[in-house]
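Chemist: Can you keep this structure in mind? I'll have questions shortly.
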Amino acid sequence: MGQFPLPHAVTDIRCENELEYDLVETKVKYGRKATIAQLLATIVQSLLLVNVGMELAMATVVIGSLYKNPNAEFLLSDTESSWYGSILYLCQPIGSLMSGYAQKHFGKKSCVVLACVPSIFGWILLWYANSVTMLYWSTITMGMGLGFNDGPAYSYIGEICEPRLRGIMSCVINMACLVGVLSSYGLSYVFQWKTVAAISVLCPVMCLTFVTFIPESPIWLLSKGRNEKAMKAICWLRGWVEPHVIANEYQELMFYYKTSVDKSLTITDSKGMFSSFLWIKSPSVYRPLRLVTIYYIFTLISCLTPCRPYIVKLMYESGVKDTHSIALVLYGFMQLAGSVALTLTVRKLGKRMLTLLTLAINTLTIFVFAVYFFCINNNLLSSKAYVPMILYSIIMFFGAMGVLTVPWTLVSEIYPNEAKGFASSLTTAIFYVLTFSATKIYLSIENTLGLNNTFFMMAASSFVGFVYLYRNMPETENKTLMEIEEFFVPKSEQTSSEVSPGPRAV
């Protein structure tokens with residue numbers, strides 16, 4: 001590609017036809033070095049998600065060690081266990097909503113720092129915990145840091161990666177979270193839970209160290225007028241190439257940012273901290289937000305997420321009494337294997353097909369689980385340790401292969417650029433509020449309905465989710481960001497009164 005002048009500011013860019021211009025991302029294949037560069041940036045972000053997985057799994061480890069255990073340093077009751085198992089999810093939305101503001105004004109890399117610091121203090125508090133109160137404070141501190149993890153990480157991946165790699169790199173992020181889960185379960189098999197907490201603090205420390213070596217999001221740099229740095233960031237991410245190699249992509253990125261800014265001005269001219277909430281009025285935000293929120297609800301049910309902190313209790317009730325520590329490691333491994341399978345198949349099968357396939361399998365497995373519990377409770381079968389272990393492993397594997405992880409990859413793709421920081425943070429906040437609510441009430445539902453009826457209810461709900469997603473979920477794999485946006489706001493819905501100087505309307 002020959003040398004030619006590059007625009008030095010977004011205002012240098014003009015559309016020949018203001019109402020008809022349609023931006024299409026360049027689908028240039030830069031080669032192996034570009035893949036390596038984007039993978040390195042993704043791996044650094046993944047360290048943050050490894051820490052997330054370890055934090056999410058730690059409640060299971062601690063509750064399994066302290067729940068009504070007469071040999072423990074201190075005990076956890078039913079009520080204390082339900083609060084400790086769910087309070088992490090309640091604190092996350094506070095940090096998540098704050099991260100939306102931080103992403104816009106300070107960038108994605110700054111959010112990594114804001115995520116690591118409370119995580120480090122949370123692990124240290126857990127290391128020294130000698131009472132239920134200290135357990136609460138440790139998980140509250142981790143929850144605040146957790147809010148700065150998911151949204152910035154997924155929006156960063158969505159902004160730095162080529163369309164051909166975006167789905168795979170999002171899967172790598174998901175895989176990192178499951179590596180964290182497996183790490184906590186594996187360490188708990190060898191070490192006492194306080195030692196696990198002490199080892200886990202190394203993860204955010206490493207992330208804090210390596211994040212200085214990766215570039216900031218080019219789109220965010222453009223939004224702050226740092227055009228030269230944005231160009232250098234793209235060169236780094238496309239394999240440490242010369243500026244003329246990425247000239248076309250640089251121009252088109254500026255076009256994309258300009259249309260996003262114009263679209264933002266049609267929403268609000270306010271610069272207040274809470275002005276971003278006005279994006280909820282835009283169909284380019286509330287339509288994908290509605291889809292992902294409903295997707296999350298059925299994810300929680302079909303992957304038995306509310307049961308996660310009580311896996312040891314669930315396994316004991318289903319006949320796994322002496323091998324529950326090994327079972328935890330097995331479940332962590334099956335989740336990781338499912339995530340690897342997702343990474344290997346997502347480009348060929350697509351996210352929609354994987355969602356429907358894995359949701360159908362999990363629905364059927366939960367139904368079989370419910371039948372098994374019914375037969376045990378009515379003395380129709382004797383309990384066998386391998387049956388619940390196999391069934392739960394199937395749910396873990398296929399959940400990670402699709403329905404558990406795909407909605408997180410969608411977060412990096414489905415929102416317009418100017419709203420991405422706010423919308424991705426709001427999306428993760430909604431997920432954790434839903435997770436807190438489901439986890440907090442799970443024991444009450446199980447005690448009221450019984451284990452088999454609870455699982456029958458979950459199987460029926462998962463089937464409803466399958467029908468909904470079959471009717472409403474689009475395919476986003478290998479689609480440009482503009483093509484995805486047009487699914488939620490088709491051109492036929494745009495009017496000349498809604499279109500700002502760029503062509504895209506909200």
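From the backbone N, Cα and C atoms, a Cβ is placed for every residue, glycine too.
Residues or ranges marked as domain 'Major facilitator superfamily (MFS) profile' by TrEMBL: 41-477. Residues annotated as transmembrane segment in TrEMBL: 39-63, 83-102, 111-129, 135-156, 168-191, 197-222, 291-311, 323-346, 353-374, 386-410, 422-443, 449-470.
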Chemist: Does the transmembrane segment (323-346) reach the transmembrane segment (135-156), going by 3 or more CB pairs under 8 Å (6 or more apart in sequence)?
Modeler: no
Chemist: Do at least three C-beta pairs under 8 angstroms join the transmembrane segment (386-410) to the transmembrane segment (353-374), pairs 6 or more apart in sequence?
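Modeler: These two segments touch.
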Chemist: I'm a bit unsure how to read this: which one of 39-63, 83-102, 135-156, 168-191, 197-222 has the highest number of Cβ pairs shorter than 8 Å with the transmembrane segment (291-311)?
Modeler: 39-63
Chemist: Short question: most Cβ pairs under 8 Å with the transmembrane segment (83-102), which of 39-63, 111-129, 135-156, 353-374, 449-470?
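Modeler: Looking at each of 39-63, 111-129, 135-156, 353-374, 449-470 in turn, the most contacts to the transmembrane segment (83-102) are made by 135-156.
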